[in-house]
Amino acid sequence: TSYHCDVPLASTLPRESFSCSSQLSRSHGPGFASLNRRDGAGGWSPLVSDKYQWLQVDLGERMEVTAVATQGGYGSSDWVTSYVLMFSDSGRNWKQYRREESISGFPGNTNADSVMHYQLQPPLEARFLRFLPLAWSPKGRIGMRIEVYGCTYRSEMVNFDGKSSLLYTFNRKSVSPAKDVISLKFKTRKTDGILLHREGQNSKHVTLQLVRGKLILLLNSGCANLPSPDAHATLTLGSLLDDEHWHSVLIELGNTHVHFTLDRHSQHFQAEGKCDYLDLDYKISFGGIPGHGKSVAFPQKDFHGCFENLYYNGVDIIDLSKKHTTQILVTVRGNVSFSCSHPQIVPVTFLSSRSYLALPGTIGEDKVSVTFQFRTWNRAGLLLTTQFQHGPVALVLVLNDGKLRLSLSQPGHPARDITAGAGLSDGQWHSVSLSLKGNHLNVMVDGEAASVAHSLHGQIDSGETYYLGGNSSGPGCGGPLAGFQGCLRLISIGDQAVDPIMVQQGSLGTFRDLQIDTCGLTDRCLPSYCEHGGECSQSWDTFSCDCMHTGYTGATCHSSLFEQSCDAHRHRGNSSGFYYIDSDGSGPLGPALVYCNMTEDTTWTLVQHNGSQLAKVKSLNRESPQPVFFKYTVSLDQLQAIMDGADDCRQELVLRCKKSRCHLSHTCLSDGTPVSWWVGRTNETHTYWGGSLPGAQKCACGLQGNCLDSQYHCNCDAARNEWTSDTVVLSHKEHLPVTQVAMRDTGRPHSEAAYTLGPLLCSGDNSFWNSASFSTDTSYLHFPTFRGELSADVSFFFKTTAPSGVFVENLGITDFIRLELPPAEVTFSFDVGNGRCEVTVRSPTPFNDNQWHHVRAERNVKEATLQVDQLPSKTQAAPADGHARLQLNSQLFVGGTATRQRGFLGCIRSLRLNGLALDLEERATMTPGVDPGCPGHCSSYGHLCHNGGRCRERPRGIACDCAFSAYDGPFCEKISAYFGIGSSVIYDFQEHSNYTTSKNSSSFATLLHGGLTLAGEMATLSFRTTGTPSLLLYVSSFYEEYLSVILTPNGSLQIRYKLDRHQEPDVFNFGFKNFADGWLHQVTIHREGQGFGGRVGWWRPCRRGPGLRPPCPNACPACLPADPPGADPDTLRASLRGFTGCLSAVRFGPAAPLKAALRPSGPVAVTVRGHVAAASQCAESKGTRAPAREANRPISSGTGACPSARSRACVIAVVVFVLLCLTTVAARIYQQRWLYKKNESTVPPAGDSAETALKSEVNMQSSVSESQREYFF
């Protein structure tokens, strides 16, 4: 408004307009309470300074109040430091004015004479105001002088009795073609009723309805063919609206959009369809639905209460209703009056669990009768206790789990209980009637009765006192149940109605911690601070959020449970698979399920659609081709976020054609009609194909110059007589993903064409590695102000060698937020108006170790949390009823402060605020003292390279070099294979040495050709099987010396070494368990001369000294496929059964036979016999059945191959025979045994060496839980 509404209202009033709860003396009376007044004692002071005192002013009529001001008592030590402002239309049923950012009281004075002025936003309309002191001068008492500012308030009112309504028929010319605007205020004590209704054809209607104290706007577009939410929409606002106070409503109704506001809260709805919400009849009803509405199919009640200032498109409906004109525009139905009556019901608020109201009863009556109504959010609380006059008989009524339970107890006799009602902690008013007479006990809740015969021992004489709420001295005290918190009204004791005003005046009963003549119940779930669909529940003094199934966590469901990208999953050590990613973190978009493909070089994010099947291309005709629509497994907003965060995105379309000419390289026909096109996410049509730029009109083969027919720029434009194909790669992120494809050919005889559209592929994460290096402590990066009023989270990585520094800072006038690094700790501090709050995480080791550390801080209306790495998080609760909004106005400083002090030295990476990534690198390029990027990732992420893989630095991340590992994959942990029956892998060391020697790349190969003796070796393998006996590994020379690893018939594992063909093999026996149990087991063998160490999983057998022979080996029948000379019978028998299961990570010295077979990279002599299928890993699940998620890839086939990869035989039928021909090396082993004996004093402890090798080579879990043992011989 343009007028000024700030006129002093209280100073012009007579003394009689001021009243109070009590006064210290006549000179301290309320009539002296005007601002700056010095007569009398210079202000109002009550007789007793406590929280039950109040000062009231009657403005004479309803006024618009825009501000209040307070002073202390003139020339005294008396003032109020905080207070509550109440308002009312009638001097009854008071309501507290609640500041927007807080539900606590107003700040008061700090001395007697200064004026504390507070602007009311929004203003209030009332006749009566009350000031309730909460705190006052510690050296004085309560003292107040006040002023009220505002102006006259104009209003038109109408009262509906629940059977009446107004029907407005308007001129069509008065209807706005753009939108309808409806505004009104209402108040009622009923929970249900129709406020307005307008309908049209085909059941179309707009209805505003009060349901259980909530305001619901129902929209029916009348388009039955549209799915929800376009056809039917429901917008809900408000709660506890049956409080007999005014509530303002504004509805802006457009053709396809609705804006709905109640008091200070709004909802907006935008329909995606083409239906028109304004296409309605030219009648609108208020207060009810005349004729019960032809389009309404829901329960309805007419409104019972008052409207004020009802306007429809600027027309004053109430004023129009009062006029009696020949042209009747408003039809009145029923008894409608144009004034609003005031209720005489006086509610009472129980503020704390120790609040109580003690009321006298009629002593000596032979019956007990109590009735009242209550409303609460608490599920439990003590409601009523009384004790009979004769004998220790107690009657106790409690609210327990949302139900009422009445207990009648008498010493020496079992208690009688009655349970009644359910869901009574819903904030609604519920009526209770309790009676006890004769031998009958009756409880009625909301009109439904529950009764029981009680057989009371002794006479019923009603007690002297009835206690409502908690009471420290009444019967039933001292129990675990807290007192009732909520509101009571319409209280009757012994058929006598109780007047709470008499209680307030001290003439009836006693009380503690009550507010009389007001219901202070607050809906703490309005507005709901629970984010991302979390469900809000509440009690009297707090709320909580249920984050189940939302994908988010935290006190307000603010923090995402999922990583921001596939790149982030990769650098947590995760392998390829389906993962949820949340590209905007705590932002509004939910998590999206995608497939993350972790390759050696790149991490790819795959998003599928519903059109993966082959789509046929129709022949050319006069009609335009019908497009094929593609719907993705995630929303377009999520796709946009994924692509915005990626370095590169592409989508592949494969076109197969025969005798077809699809005109991929021609945009239009001769008449200008497009031949083929596709539509991207912005609904723009594109006619270019392939990896070309828009408008290039070439397929990929045309760009590369390798099309089958050089006359054309696409293979499928050549109309060849054989099947050919074009692979089209669309790589402009701005146009992707493809949502429609329309394609046709020229209709040549016998022409055929079809295409498939692949998934959306995106690689990289442009925020995960986005970093900046700060080289001076006076440098910083600055960004726009951080907007995190109600929820703010900051996350980033840092590494430094400096002991301290500020990571992030943003300031307001008094509010601020800061994250900094003191020595050996990270501190998160902020102020939202309640004073400085600080949360600190301390580490047992300093953070300035030049390693990457991850920090995540969150502040919301309930608490502040700080998490650093995997250290225990720290949490600090927000003060109850304190300020909630974080108000900042300066720039956001990163790596420093506005004062250029305590700057950060080091690197900050992947900085996100409320899920939004900041581009540190771009800002660093233009900032002195700050460089984009930060090297040195292997020091923090090198542990992801397993099994001997070496970490290699990249500008944006790391890569694992698996060249010297028996494993492969992104982290050197994937080399596994399932073998068919009769299959084997044979590795020839002689040919391997010829190749590697020529390359001069292997010292092991040089050793072979140099004729030197191999003094020891390290061998590893992992297996999973249920079959026995089995041969796992066999290494032999031409001189009948060998190493074999077998499973015996009872499942025990044996390692057999034969270094002298004239002697029996040395047998190393793991006989303490059955290893053919379907679990993954890892075997490590380490030999130095005659010193030997062996290990299975985490089992380390006990030691045996050098040269000692173990007990006799187990005997079992077996034979090798090709009987090598010298093999012992047990090894031969084990080979005959074969190996059934999965084998992985086979390594002998520097050679990796299984890796050479599955990932061939050179002319190494590896022979694969039978069916061998690569698998993701052996440890997916227990048993020998291949998991369904593993994609088996056959690399060779022969006899014995399995007919079906799904059959159990194929999964478990595995035989591996690894023949490692060591040529002349092993032949020299026997000749050099004297060398081992001579140097046995220098042999290192084999157990220690084996354990070291195990930890460096393999990182797999074993199910074995028994104690560890180690052998050495």
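Numbering starts at 1 and runs along the chain as it is shown here.
Any Cβ shown, glycine's included, is placed from N, Cα and C.
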Among C907, C951, C960, C962, cysteine joined to C934 by disulfide in TrEMBL: C907
Beyond the flanks of the domain 'EGF-like' (521-558) by at least 6 residues, Cβ under 8 Å: 98, 103, 238-240, 265, 349, 375-379, 427, 485-487, 580, 582, 586, 588, 590-591, 790-791, 793, 858, 860-863, 865, 880
Cβ neighbours of C934 (disulfide bond) where a neighbour is any other Cβ within 10 Å: 24
Contact ranking winner - 5-151, 157-340, 346-519 against the domain 'Laminin G' (770-934), Cβ under 8 Å: 5-151
Cβ packing number for C907 (disulfide bond), 10 Å threshold: 22
The domain 'EGF-like' (935-973) - residue tally per DSSP class, helix then strand then coil: 7 helix, 10 strand, 22 coil
Secondary structure tally of the domain 'Fibrinogen C-terminal' (557-609) (DSSP, helix then strand then coil): 5 helix, 21 strand, 27 coil
Local confidence of the domain 'EGF-like' (521-558) - pLDDT mean: 93
